[in-house]
Each structure stands twice: as structure tokens, then as C-alpha cells.
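Only one structure is covered here, and it is reproduced in the block below.
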Amino acid sequence: MHATTTKLLLVFVSAFMLIISHASSIRFHYINSHNFTTKTSASSSSPSSSSARRSRNPSLALVHRDAITGAKYPSRRHAALDLVARDNARAEYLVRRLNPTYLPTDLGSEVVSGLDQGSGEYFVRVGVGSPPTEQYLVVDSGSDVIWVQCKPCLQCYAQADPLFDPASSSTFSGVSCGSAICRMLSRSGCGDSGRCQYEVSYGDGSYTKGVLALETLTVGGTAVEGVAIGCGHRNHGLFVGASGLLGLGWGPMSLVGQLGGAAGGAFSYCLASRGPGSNADAGSLVLGRSEAVPEGAVWVPLVRNPQAPSFYYVSLTGIGVGDEKLPLEAGLFQLTDDGAGGVVMDTGTAVSRLPQEAYAALRDAFASAVAALPRAPGVSLLDTCYDLSGYTSVRVPTVSFYFDEGATLTLPARNLLVEVDGGIYCLAFAASSSGLSILGNIQQEGIQITVDSANGFIGFGPNTC
């Protein structure tokens, strides 16, 4: 985001601490409003570009969308309003998609790209074909199918990179309609040439259509052969400059699912903090068990939703503000037998969504702890805002997530507040329009998150970025 006013950065009285444990004593952090331009360096334990090249497992830089699209805003408020608009669309899409009564209308995929729905927040650079054509792909933890726009393009949206040309790749191979790979799609079509076709459509009229193929992807300097991808010849919608999508969901068609034993069913990512002073290349995505699964992480059981098997749900049991656990109804975050409710981790949603009861309790407890701070008008769904422009530092409470088996994730101030205007900060949580809860990427930023889908766990820490 860009602004002409004084830029702010969240820093703390002591060194940055990510608290992931079975108990925590640190309940408050400080915001220093005069040091917001200080860059947050990546942890020495985080994969660097040089170590990634030496690593046996692929490692990629995760880049925020603003660095790719070159978006320029007249003020920070305009940038915040744009973020909120994308975020609302993405969250509402997930609410519809994860409703037990949802019926897929797309032909041949479980993809939930949501690029037009606002999920294009983080990109990776991937080489497609042989020789590789470099492409920016959106990372989506709730999608399976990988796809790119392809020549000949009968209808394509604007993207940052040249279109991928299958004719120029020596490893491109179309998939037949009767193949096992084609049958793995929830629905599939068959073209005149006998090739497997895919089609994905969205509620606003956006879509991608094309053929399924096997192709070589170059990921972090490592060539991965025989990856099933969608080659889109007809694509329409607001896809924010990306060439396509890299699905990292829990299904067999995602990159992790297709790598199988080669990746050990595991990957990790660390989303770089956004805003002034952040390093756009500090984020990382690492594939492979030996590199991605760290020692010292706190592990939380994943929950499988049979109605939406691509998504990663976690077993949240409660929330705390400061040193108080909120008095919430038992089972409020539970995934029901019919697939309703639950808590899904989503890299495409920025602001975390909570059921109305939980959000109201969190908002009121947070506001009570900072009652002396001057309030500011809300901005769209962000209704708890403060004018900190006249402060050197302020004391704000931490927020803790409590999970099954006693694990606790305590978030610092920079994961709780988002700047929406010069010196105006808002609590980065909102009420869900349904019983579904979403842990968004603002709350995930700066934390090493490891998904061990093979064993059904997600890990937090111990490293930061």
C-alpha cells in the first residue's frame, strides 16, 4: 500500500516473539508508531534464495500481489477499501462453497481458484514446460487443480507474463478422456480429439476452460515431470495479472497430492508481512518433508470435511484476549457431521472471520482492554478502529487461539491490526455471515506454517519470517 503520510510499523518492547505452546504468560504487546519503516528481517532459519538452490526440495519466494500488479493507490484508505472488497468477495465465496447444500456447477474440477473472488493475494514463480516459461501463479491452499492460460488463446484476460505456448514445449502431453487422471476430476468432458477437457466457472461469470495435460513444472530450480495441469484456452474474469493457479489443497490433483512420496505429503509456507518496510521476497513456500517439517513446531490436528475435501480445517476450541479466555458456547467452532461450520485455514482471505457470537466477544474484550485509545470510524467490515496518529507507542492485548490437545497460538499486535489510513488502525477480524470460521492471512503472516497432510496435522512455528 502507498501513502504520503507517516508510515507505521508494528514493533515491540522486546524482540519479536511468536508464542506457540501449551501455556503463555505474555499477554500484551506494544505498538511503536515512530518506527514503522524498520524492515522485518527473515529468521535465520527461514529458507533463503541461496539455500533454496542448494536444497533437495523445491523452495519458492512467496510474493504479495501488490508487488506483481504494481497497484498504485492515491491513499492508504483506497488500498484498504480495495483489500476489503476483494476480501468480502472471497469470504462470501467460501461461505457458499463450504455450505453443505453446495452443488458444483463446473465441469471437471474441485478448483476454488477464486482469483476473481479476491484470493489472488500471494504469488509464486513457476516454470511451465520444456524449456520452462516463467509464470506467476496464485497460491491457493483451498484448490486442487493447477492451471495456466495457454496459446492458442481464443479468449484470455491480461496477465503479467507472456502466454504459455504448449507447441513450444517438448514435454507437453494431452490427457485422454478415458485416462485415470481424467477420471480423478469430479466431472470431465471429452473433446472431438478425445482429449480430457476441464471447465471451471464462477458466480460472477468468470471462468477458465481448456484441456488437461501432463507437463513439466520447474519449481524452485527443480524440474518435476508429468504434472497434470489445466491448459486454459478460454478464460474470462478479473484475474489480477496471474497466469493461473497453483493448487495446494488436500486433494489428489493438487501439486502436493501429485508429488506423493516425492514430497512426503508435506509443505510449509511463511507469508511475509505486508505494508511499509516489509520485504516482498521474505515469504517462502517449501515442498518436501525433509525440508518443510521443522523440529519444535506445535502441531494441531487437521479436520477433514467430506463435503469439501480440498480444504484444511483445524480443531479450534476457544479464543483468548490478553489473560482472559472468552466465555463462548461449547462447540461453537466445531465442524458438524453434515459439513457446516468449522474453522478453515485460507491463504486467500485476509481478515479472519468468526461466528457472530465469537466476533462480538473478541471485539468487546479487545476494545475494553484499550478503552483509553481514541476511536476512529469503521471502514466497511472493519468496525473496531483507532486513531493512533498522535501516539509514540500504545499497549494492546494479544489474541490467543486454543486448539485440541492443549496447543495455543498467541498472536502479536502486528497480526491483529491493519492500517487503513494514516495512523488509523482497525482490528483485522470480522463476523462471518454463517457458522463458518476462516483464519485469514493477516493472522498467518510472519509465522512458519507447516501442512502435513499425509499424517493429518498442521504445525505453527518455530520460525518466523
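The backbone N, Cα and C atoms fix where each Cβ goes, glycine too.
No curator has checked TrEMBL annotations; they are predicted automatically.
Record features (TrEMBL):
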SIGNAL    1-23  signal peptide
REGION    38-59  region 'Disordered'
COMPBIAS  41-52  compositional bias 'Low complexity'
DOMAIN    122-461  domain 'Peptidase A1'
ACT_SITE  Asp140  active site
ACT_SITE  Asp346  active site
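When the Cα atoms are compared, Asp346 (active site) and Asp140 (active site) turn out to be 8 Å apart. Cβ neighbour count for Asp140 (active site): 28 (other Cβ atoms within 10 Å of its Cβ, all protein chains included).
Summed and averaged per residue, pLDDT over the domain 'Peptidase A1' (122-461) gives 88. Taking all protein chains in view, 25 other C-beta atoms sit within 10 angstroms of the C-beta of Asp346 (active site).
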